[in-house]
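These notes concern the structure reproduced below.
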Amino acid sequence: MGCWTTGFSFGHLRAQSRVSVFLTMLLLFTYVFYCLTGCCDLTPSPLYERQTFRNKLSSEELRGNASRQGSVDGAAEEEDTKHAPSDSSNLSMANSFGSKELPQAIIIGVKKGGTRALLEFLRVHPDVRAVGAEPHFFDRFYDKGLEWYRNLMPRTLEGQITMEKTPSYFVTREAPARVFAMSRHTKLIVVVRDPVTRAVSDYTQTLSKNPGLPSFQNLVFKNSTTGLIDTSWSAVRIGIYAKHLENWLRYFPLSRLLFVSGERLVTDPAGEMGRVQDFLGLKRVVTNKHFYFNQTKGFPCLKKPEGSSRPRCLGKSKGRAHPQIPSEVLLRLRDFYRPFNLKLYQMTGQNFGWE
């Protein structure tokens with residue numbers, strides 16, 4: 001009888017154990033099922049975890065934009081884009097983070113000076129977020145309003161700078177007052193280049209689109225006999241930097257403008273980028289290690305970014321071979337620019353060495 005009772009007790013315990021195991025497994029299964037469907041994620045992640053995830057997405061977005069918008073292999077926009085830009089290219093899942101801000105810094109000029117190279121170099125910096133296309137807001141689309149302009153900007157996180165570049169702003173009479181009306185604290189960057197070389201480069205770009213264009217010498221002179229320079233031709237007019245600067249200095253102090261040498265941007269990109277990063281209040285992240293010199297194109301390229309299969313160089317439209325122009329034509333143009341160059345040196349305190 002005692003043995004039977006003992007056997008029954010052990011059997012009863014084993015049965016209870018099986019039931020407990022079964023119930024435990026059932027509860028675990030139910031918990032896992034609800035977690036997989038998202039029902040158990042009722043408690044928000046700690047702030048530092050969400051911020052880390054947010055920063056991770058931002059970094060991934062920056063790398064994505066650098067290879068998509070900043071992919072400069074033939075996709076770089078020409079500096080005289082005629083259509084209103086669209087912000088659709090900025091849409092991505094990661095773009096749900098941050099906010100769209102009006103730019104704190106603008107590359108305002110000059111055309112064919114090296115603005116595209118500067119923008120792409122800056123976009124390597126994790127604290128710079130820039131529009132790929134030229135918005136042309138302050139010269140062509142001002143009537144669309146600041147909210148339209150703001151909506152073109154990429155989203156930024158705290159501590160990041162929003163930027164854009166439109167080289168025609170520097171020579172647009174209305175632009176300084178309009179930028180000032182947006183913010184008197186806007187930082188302005190002007191990439192300048194030897195105005196003679198810049199004019200030839202400008203002509204070369206136009207010639208590539210219009211092969212029937214008259215020769216450079218026919219366009220540069222009002223009268224080839226007298227040698228009077230035609231300042232109404234935009235290729236010449238843009239290079240009178242001192243005159244355009246006077247217009248900007250009516251609204252902004254010189255301390256708000258940084259003049260970048262287009263020549264040094266080629267020969268010493270890291271040095272010029274150091275100056276630009278200091279001006280923008282950024283840590284010097286973009287350094288010599290990011291560049292190599294492309295002998296074929298004749299200017300520096302960004303080294304292969306992490307996760308990419310090839311280096312990033314500016315597109316085919318950059319580095320075109322210039323047409324042969326008679327030396328006497330170039331000498332006359334150089335004489336024309338000399339007093340304006342000297343005045344620019346005095347105004348900025350920088351000698352760009354264009355003599």
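Numbering starts at 1 and runs along the chain as it is shown here.
Backbone N, Cα and C define each Cβ position, glycine as well.
Caution: TrEMBL annotation is automatic and unverified by curators.
According to TrEMBL, the transmembrane segment annotation covers 20-40. Marked as region 'Disordered' by TrEMBL: 59-90. For 103-338, the entry in TrEMBL reads domain 'Sulfotransferase'. Per TrEMBL, the feature 3'-phosphoadenylyl sulfate binding site maps to K112, G113, G114, T115, R116, R193, S201, K318, G319, R320, A321, H322. Here TrEMBL flags K112 as active site, for sulfotransferase activity. TrEMBL lists C301-C313 with the feature disulfide bond.
In this structure the alpha carbons, written CA, of C301 (disulfide bond) and K112 (3'-phosphoadenylyl sulfate binding site) are 17 Å apart. Here the candidates are the binding-site residues K112, R116, S201, and by Cα distance the one nearest C313 (disulfide bond) turns out to be R116. Close to G114 (3'-phosphoadenylyl sulfate binding site) in the fold, though at least 6 residues off in sequence, lie V191, R193, V260, G262, L265, V266, each with a CB less than 8 Å from its CB. Around the Cβ of R116 (3'-phosphoadenylyl sulfate binding site), 23 further Cβ atoms fall within 10 Å across all displayed protein chains.
The domain 'Sulfotransferase' (103-338) scores a mean pLDDT of 93 in the predicted structure. The local packing around C301 (disulfide bond), expressed as other Cβ atoms within 10 Å of its Cβ over all shown chains, amounts to 21. Highest Cβ count within 10 Å among the recorded positions C313, A321: C313.
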